[in-house]
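To start, the structure under review is shown below, and the notes come after it.
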Amino acid sequence: MNSKLKAIYKEWFIQNRSLWKKVFKATLGYEICSILCLIPKVSAAMGAVSYLLPLGSLFFHAGTTIGCQIEQIWLNFCMMVMSALWCGIIGYLITLYNRARIIYGVPLYDNGGSVIAAIAYFTAIFVIAYYRLKYPRLFTPSLQAFVLVFFTLTKQLDATSYNIMMLFTIIYPTLLGGVIALVVNLFIWPETAAKAFEESLYNAFYSTRTALTSIQQEFMLEEVSENTSSGITAMKEAKVKLQGDMSSLRKAASEAKYELVVSHYSAAWYKSTTESLEKIASILASTTLAVEQERKLIVTSKIASQLGAARSNDRHLGVPATILTIDSEDPLREQHLRRRRSAASREYLTHSNSPYSTVQRIDYKLLPVIQQSISPHINAFLLVCCKCFCAIQYRMTKRKVFSSHAELMDYVEDDQSLSSCTSNGLQQLMSTALDEFKKVEAIIQDGIDKHNTHPREEHYLVYTLVFTLLECGHEILKLDQYTKELVSKRTKYPRIWMPKVTFKKLLTKTSRLAKGSTSPATQAIMENQDIVVLPDMRRTASRMRQDPETVITEKDDDLDDVETVYEVPLQNAPGRYWWNRAMLSLTRWFQYGPTQYAMKFAISMEILALPAWLPIPGLNAWYNYNHGQWALLSGMVISNFTIGSTLVQSFYRTVATIIGAVWGFIALLAADRTNPYVLSVMVLIFAGPFWFIFLGSKYPRIGLISLLTLVVVVNTGYSDPYNESTFEVVWKRTVTAIVAVFVVMIINYLFWPMWAREEMRKQLAVLIMDTGIYYFQVASLACHDNTTSKRWQITFEETEIASKNLRKRLDTVGELFNLSASEPRLTKAPFPRDIYASIIDHERNILFWISHMKRSQTFISEGIRDKIMTQINPYRREMAAAVHLYLFTLAGSLRNKAALPASLPSAEVARQHLQEHLADIWLQLQKGQTLEEEDVEDISNATSKPAISGALPYGESQMYWQSYAAGPVQVVVEQETMGELIIKLMGQHVFRVAEKNWARI
């Protein structure tokens, strides 16, 4: 029993110590504000809406960082001042209108004040909502600006005297609540964004070390068995965790850069370290993919050979071949059967007599032999990498870059040399390991010479593994140098570091206080609005490249015909007159995301406030008596970017409102509505669990809405401004929330409905299309023999920009995919999440392989480029065009929901042509032959051979170009597997043809 209690205590309290600190601080600030509202004099000073005081401590709670609190309170003040100025001017105009009509007898419309208020109300809500989405940093501060509009423009519409205090009693309670929460945060366990960044940095280091360890354990086996699923699964899990932790690190680094922090280190000093760590993560992702592919191919080859032998034996025994099958659920078998299944080239690639037969050429017979010969060396090198990486992590722990963890200390205790390893010792150890590991290349070359073979796919994978590990080792050396420079900058005492970014750039990032108000997926989408394409907008054909006239400056870099004669597509040609351009700008503005969101939000709020303005006597008083503004508060909280997120918010809003209302009702009954001491204790008892749900659970919105409802019900029931019963307060609060949910959902569905799954599909189509362009650009880099030319450098810079944009778009697609889970599908079968998840995974793998191609080609020497790479440029260009065309076809099918053609344009044929000519060049170089120059531009002539002179250098020159060659092979495999998945989604044209196997039937 004691052991169970200790385990529970450790799991809930020791491991969540930081969470409980946040819960305690947030609860304390919330409780202080709630108690102040129960003091009669304070409540009177707060005005008619006294519960805005604890709401301020809720929206700007003490469970976040100090820098975030200060920044959000300041932004909230700015938003409220602008909102107050507008409401003050409109309120004064309404007063003048009423005085002229009532006192001076001017014949004006009786309900004119309501009309003015309604128009001003819609305008204010639209503008605030527009900038709320356009600048995500204003998402939480804008809530208070909405509250000011809600409570000032729906009351006293017939007043003939203007009371300016009505504005101030709505402004300062919220600010005072935020200040109280800030004071609590300053005096009790103060924390800035530096702490969260340190935790994220440690997690990234730990995940990187875990990924290295998982790869090392895979090579500890002397021979690969058929049961490799556990090792592959461990590597996949390590890779996924590493990618997630790197995303968290980027987010934490951004927050530390955009907030006020108190630390020994500036956030800008971490830039080199985090970039190096991200590069190591990218390299390890490529390494993991190469290891996974090797293991699967080895096992698949064994299965295929065993199956072939069994079939051969059974033919002699008269057993039908169809009986000998492997479980179709086996993913390895399924991949083996599905490999390179393009309808246009299936017969051409698989027929036994074809010179480009996939069965003949890609059997990977030498892969197990080569892999087994280098496994001990890889294992030893990975062991050194893990040791050096842990030594770097331990050094950063000693210098207080991040806190120490028991896991790291246990690892260091097992190897005492880590604690005494200096930077010079680490550099020497890693350099020695790199020099020793380079001998692996000679081992591979000896194996190739022994079998007297030319470059094949298995060689490419092995060289890829060696290249990525060497790259990882060199990057660890750089990381050691960066961390050494980082710890040397440590200040003696913690100091305040102010954010050094422009105000506009600051507003484009979401705040950590947005948690609970919206989902992380919605926050990511709002941050990446610049790459989100709206459904009705069209993109020009030049989106992935710059204008050549602005980037090509050298006279030697002549432009080709395509670049010099580029014209704007006719569908995007500008109009001839000024009003054409004006209408185009207006149309695009209405298609802009923030415009559509603001319009829907303003319409919803206008409908919910409509009873306050209708020309029905007594309706405005009835609206205020029944707390109509509560419906506005509910609608403000649940309205979101997509229908799915709004639906989830509505569900959580309804459930949490009921929970908060019930507990508020219980608290009022226990206190008999008049005992402030009992009421404060009851609020404290109920608020603690709600704060835990808000800050530490998967359902933060339930905690937020429950806290909001609790304070509204308790304070309204205690002050009792309208002489209502306790139950009356509770049911009015619940009904107003349900009405708000109903109105917001209808408006979101009728006006510009944005379904996350639809936008995800379109974004995925654009991502796949741009991936084809990205591949084409990277392939062109390897075709150029001079890497110092301006043209090559500009192209490389464009691929760097494209890589970042594609990563952002991929993240956006992933977040939209997460949002799609909450969207109902009433007229069709359930949304095929598994298929889309697989497509996204294959797209991610394609991007990893293209990035690997980009990195590896930078190491190829000019001699190798001249002797091998540029000799087959026409074939490489044809393959790049085939890859681009294939991805373009898949993107068009996804974008338009159109069935794919019966015959897909496979890039495998072009790749096999490239491979054939590459083998010929290799054999010629190995023999040191000199051939006569022939026309290689005529690629249709299968007998054409390029001119080759001189022998190929032995040793170091082999690895980089063969590692590069692995990229196209895997890209073709991944894209054709992705094509099979898209066929499942969108279908494929089916028809009968005279020749068998020409079309799928």
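Each Cβ is built from the backbone N, Cα and C atoms, and glycine gets one as well.
In TrEMBL, the feature transmembrane segment is placed on 597-616, out of the ranges 597-616, 877-896.
Proximity of distant same-chain residues to the transmembrane segment (702-718), defined by a Cβ-Cβ separation under 8 Å and at least 6 residues beyond the stretch ends, is recorded for 30, 34, 37-38, 50-51, 54-55, 58, 516-517, 627, 630, 633, 637, 652-653, 655-657, 659-661, 663-665, 667-668, 671, 673-674, 676, 679, 683, 686-687, 690-695, 724, 726, 729-730, 733, 737. Within its own chain, the transmembrane segment (108-131) is flanked in space by residues 79, 83, 86-87, 90, 93-94, 97-98, 100-101, 138, 142, 145-146, 149, 153-154, 157-158, 594-595, 597-599, 601-602, 605-606, 609, 612-615, 620, which lie at least six positions past its ends and keep a Cβ under 8 Å from the stretch. Same-chain residues lying 6+ beyond the ends of the transmembrane segment (166-189) with a Cβ under 8 Å from its Cβ atoms: 21, 24-26, 28-30, 32-33, 46-50, 52-62, 64, 66, 69-70, 72-73, 76-77, 80-81, 84, 87-88, 91, 144, 147-148, 151-152, 155-156. Within the same chain, the transmembrane segment (28-53) packs against the transmembrane segment (677-695): three or more Cβ pairs sit under 8 Å, each pair at least 6 residues apart. The transmembrane segment (137-154) shares the most Cβ pairs under 8 Å with 73-96, out of the stretches 73-96, 597-616, 655-671, 677-695, 730-752. Between the transmembrane segment (730-752) and the stretches 73-96, 655-671, 677-695, Cβ pairs under 8 Å are most numerous for 655-671.
Here the domain 'Integral membrane bound transporter' (621-747) is broken down by DSSP into helix, strand and coil counts: 107 helix, 0 strand, 20 coil. If you look at the transmembrane segment (597-616), the same-chain residues 6 or more away from its ends with a CB under 8 A from one of its CBs are 110-111, 114-115, 117-118, 121-122, 125-127, 129-130, 132-133, 146, 150, 154-155, 157, 622-624, 628, 631-632, 635-636, 639, 641, 739-740, 743-744, 747-748, 751-752. Mean pLDDT, taken over the domain 'DUF2421' (756-926), works out to 85 on the 0 to 100 scale.
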